[in-house]
């Protein structure tokens with residue numbers, strides 16, 4: 001079965017390389033040198049931030065287990081991280097809008113570095129503090145940087161469609177290539193060089209410190225609404241009012257929560273799904289294959305977003321539907337493929353089918369990130385961007401906490417089926433968003449035409 005892993009990885013690598021090398025002028029928008037400099041600076045910072053995040057991922061659970069903690073204690077640590085993101089994320093998001101997105105990005109670096117430092121202690125309370133700090137940092141990672149980028153892009157007068165280029169490249173590099181390299185580097189530090197499971201966290205802190213230095217020396221500050229008259233409560237009210245009064249924002253938040261909730265649940269389920277009888281599977285190699293699939297998705301997204309048609313609201317319906325089918329595969333294979341009763345060994349035939357489906361899901365994830373960023377840049381108002389983006393994460397974090405708490409209460413097939421239902425629902429809501437957006441767009445065009453006709457008629461009336 002080793003050949004199967006290499007064939008899958010090699011095939012994906014060949015497709016990604018072919019897509020990138022075959023891009024035509026139609027797929028590459030003509031941009032300015034000033035924009036390219038701005039984009040490259042952001043990509044450098046984003047890649048350093050993601051390197052700091054990806055270096056930690058493969059070894060968090062392992063480090064806790066090495067300190068002697070069991071599944072229940074480790075589960076509570078993970079719940080603390082998501083709970084912290086839910087409770088404090090909205091507050092730090094509002095502070096980012098009011099106090100500045102650059103300042104919030106620096107706060108992310110400092111908070112995550114402190115979280116990395118706590119990994120040196122085996123004390124449960126210290127580790128719990130680290131998870132709480134990590135949860136706060138995660139909220140900043142997924143709101144402050146994007147908010148800074150959108151505001152700065154618009155402030156510098158760049159073309160709106162060029163944002164899609166930065167989004168696609170950021171996902172391709174930060175969530176794809178950097179993730180693969182970080183995973184291999186963490187493995188090198190821990191296993192090959194023998195520095196132990198804390199080494200990746202120390203390396204992550206170094207990358208975060210370098211990124212913070214780049215931010216401090218090259219970024220300018222921008223705000224959502226810096227007015228002194230608006231406190232945190234007022235910021236919350238503005239964000240809540242925007243979500244409740246604009247159907248597009250509410251739909252976008254629901255779609256994001258449904259997809260990301262399913263995605264984070266998948267993170268906890270793919271290992272037992274591929275090795276239900278303790279099959280010997282190369283976790284690191286499979287993780288790298290998933291990240292390569294995500295790169296494939298972001299490469300596809302860059303082509304889609306560079307063209308006038310299809311609209312992002314249109315093609316994402318299909319992406320969510322395909323995602324739903326891929327996460328339904330474990331349920332289907334449990335009925336159609338006879339389960340193996342042999343302990344250990346290599347991956348089963350059913351596992352191979354599921355792995356192919358999981359790679360397809362990761363490709364959908366690669367399409368999702370730049371596409372949802374594009375829609376957020378279109379629909380979320382600038383004055384409360386970070387606050388609203390963290391509002392979206394509240395139902396997501398509740399969902400993941402509930403799943404983690406009850407992960408042993410339901411069969412794995414039920415969990416996958418639930419995720420599949422959520423993704424089908426996201427597809428339906430995406431269609432609704434497309435209809436609402438087109439309705440608003442046509443009304444706006446009609447109003448513009450009416451104003452132009454009135455302007456032409458005025459000289460005649462005089």
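Just so you know, glycine gets a Cβ as well, placed from its N, Cα and C.
For 1-18, the entry in TrEMBL reads signal peptide. Annotation comment: TrEMBL describes 42-64, 76-96, 128-149, 170-189, 201-220, 285-306, 318-338, 344-369, 390-407, 413-433 as transmembrane segment.
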I need to check the long-range neighbours of the transmembrane segment (413-433): which residues 6 or more away from its ends have a CB within less than 8 Å of a CB in the stretch?
248, 251-252, 254-255, 258-259, 261-262, 265-266, 269, 273, 313, 316-318, 320-321, 323-325, 327-331, 334, 375, 403, 407
Report, as numbers and ranges, which residues of the same chain sit near the transmembrane segment (76-96): CB under 8 Å and 6 or more residues beyond its ends.
64, 69, 103-104, 107, 127-128, 131-136, 138-140, 143-144, 147, 224, 232, 235-236, 239, 384, 386-391, 393-394, 397-398, 400-401, 404-405
Residues of the same chain, at least six outside the transmembrane segment (42-64), with any C-beta under 8 angstroms of its C-beta?
73-74, 77, 105, 108-109, 112, 116, 119, 127, 141, 145, 149, 166, 169-170, 173-175, 178-179, 181-183, 185-187, 190, 197-198, 200-201, 203-205, 207-208, 210-211, 214-215, 219, 283-284, 287
Given pairs 6 or more apart, does the transmembrane segment (318-338) have at least three Cβ pairs under 8 Å with the transmembrane segment (285-306)?
no
Under 8 Å between C-beta atoms and at least six residues away from its ends: which parts of the chain pack against the transmembrane segment (285-306)?
5, 8-9, 12-13, 15-16, 19-20, 23, 26-29, 58, 161, 164-165, 167-169, 171-172, 175-177, 179-180, 183-184, 270, 274, 312, 315, 355, 358-371, 374
Long-range neighbours of the transmembrane segment (128-149), counting only residues six or more past its ends (CB under 8 A)
42, 45-46, 49, 53, 77-78, 80-86, 88-90, 92-93, 96-97, 101-102, 104-105, 107-108, 111-112, 114-119, 163, 166, 219, 222, 224, 373, 376, 385-386, 389-390, 393
Same chain, outside the transmembrane segment (390-407) by at least 6, Cβ under 8 Å from its Cβ: which residues?
75, 78-79, 82-83, 85-86, 89-90, 92-94, 139, 142-143, 239-240, 243, 252-253, 256-257, 260-261, 264-265, 268, 415
